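> The compositional bias 'Low complexity' annotation in Swiss-Prot covers 1-10. Sequence annotations record features per position, and here Swiss-Prot assigns compositional bias 'Basic and acidic residues' to 23-34. The N-linked glycosylation site feature in Swiss-Prot is assigned to Asn160, Asn213, Asn260. The topological domain 'Cytoplasmic' annotation in Swiss-Prot covers 1-67 and rests on sequence analysis. Among the features that Swiss-Prot reports, topological domain 'Extracellular' is placed at 89-320, with the record citing sequence analysis. Annotation source Swiss-Prot lists transmembrane segment at 68-88.
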Amino acid sequence: MAAAAAAAAATEQQGSNGPVKKSMREKAVERRNVNKEHNSNFKAGYIPIDEDRLHKTGLRGRKGNLAICVIVLLFILAVINLLITLVIWAVIRIGPNGCDSMEFHESGLLRFKQVSDMGVIHPLYKSTVGGRRNENLVITGNNQPIVFQQGTTKLSVEKNKTSITSDIGMQFFDPRTHNILFSTDYETHEFHLPSGVKSLNVQKASTERITSNATSDLNIKVDGRAIVRGNEGVFIMGKTIEFHMGGDVELKAENSIILNGTVMVSPTRLPSSSSGDQSGSGDWVRYKLCMCADGTLFKVQVTGHNMGCQVSDNPCGNTH
């Protein structure tokens, strides 16, 4: 402190009376003070070089684990991208010259240039699937049916059958002439079998009239039981009408049954009772079939042997 005061006094004296010469002792004291101050300033900015005192740099702890997860995720995405690229290159065959398997046109047409293996095809609204001109469009199912479906309408092509399911009907027409070949719109078009179709197999048919060509017969065949029912009657007309069945024939009508023409019944096919049976024995009720002169058929219950058709309540009137 004394040295500092002396230096300050000397400075003031030098500033007021001009430069003052210092002694050797004063110069040594001043030099020592300067070195001491310099050393103290150097130590103030000194940092010990110890591992524990250094600032830790880099990703450590949770940040390091998160960085590893991000790197692994990027690696997985790169592998998936590589697999997708290989599939696109192998299936679509995209190369330096373009795509070898398909073509994209400005009109929106997608053309396949080779055999394509697909599962389900969903065309867009009002789209068309077709083949090239003068070439067939071949659609093949590998041990599976080929199904064309739009809403509730479905066309299924299987190995042994082809089925069409529709709630509103169907029609077939020539794509070139647009002539209707077959239609189920009975109110507008009469039902005709297409050319080459000889038989129609249905479980149930509701129609006003069933006819055949003038040069062919109309045959109705069933494996089990056939029921022909009309809301206002059933009329069967033909040159010759034959019924062949292995079981019973049942004719029911609310008013009457009219057989107009020659009616032939083969007695060899009719069941007959044994000659030894009594007329009144057992639970059987027997009837005799009788005919009037005008062709009216009626039945008479058999109550005794050698009984004829002459009964009082027969519908023939005076003529039997």
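Yeah, the Cβs are placed from backbone N, Cα and C, and that goes for glycine too.
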> Could you give the Cα-Cα distance between Asn213 (N-linked glycosylation site) and Asn160 (N-linked glycosylation site), in whole Å?
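A Cα-Cα distance of 29 Å.
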> At the Cα level, what's the spacing in Å between Asn260 (N-linked glycosylation site) and Asn160 (N-linked glycosylation site), rounded?
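Asn160 (N-linked glycosylation site) has its Cα 44 Å from the Cα of Asn260 (N-linked glycosylation site).
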> Please report the three-state DSSP label of Asn160 (N-linked glycosylation site).
coil
> Using a 10 Å cut-off, grab the number of neighbouring Cβ atoms around the Cβ of Asn160 (N-linked glycosylation site), all chains included.
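Taking every protein chain into account, the count is 4.
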> Do you know the DSSP helix, strand and coil residue counts for the compositional bias 'Basic and acidic residues' (23-34)?
11 helix, 0 strand, 1 coil
> What is the average pLDDT across the topological domain 'Extracellular' (89-320)?
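Summing pLDDT over the topological domain 'Extracellular' (89-320) and dividing by its length gives 76.
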> How many other Cβ atoms are found within 10 Å of the Cβ atom of Asn260 (N-linked glycosylation site), counting all protein chains shown?
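Looking across every protein chain shown, the total is 7.
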> When a 10 Å sphere is centred on the Cβ of Asn213 (N-linked glycosylation site), how many other Cβ atoms does it contain?
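The answer is 8 other Cβ atoms.
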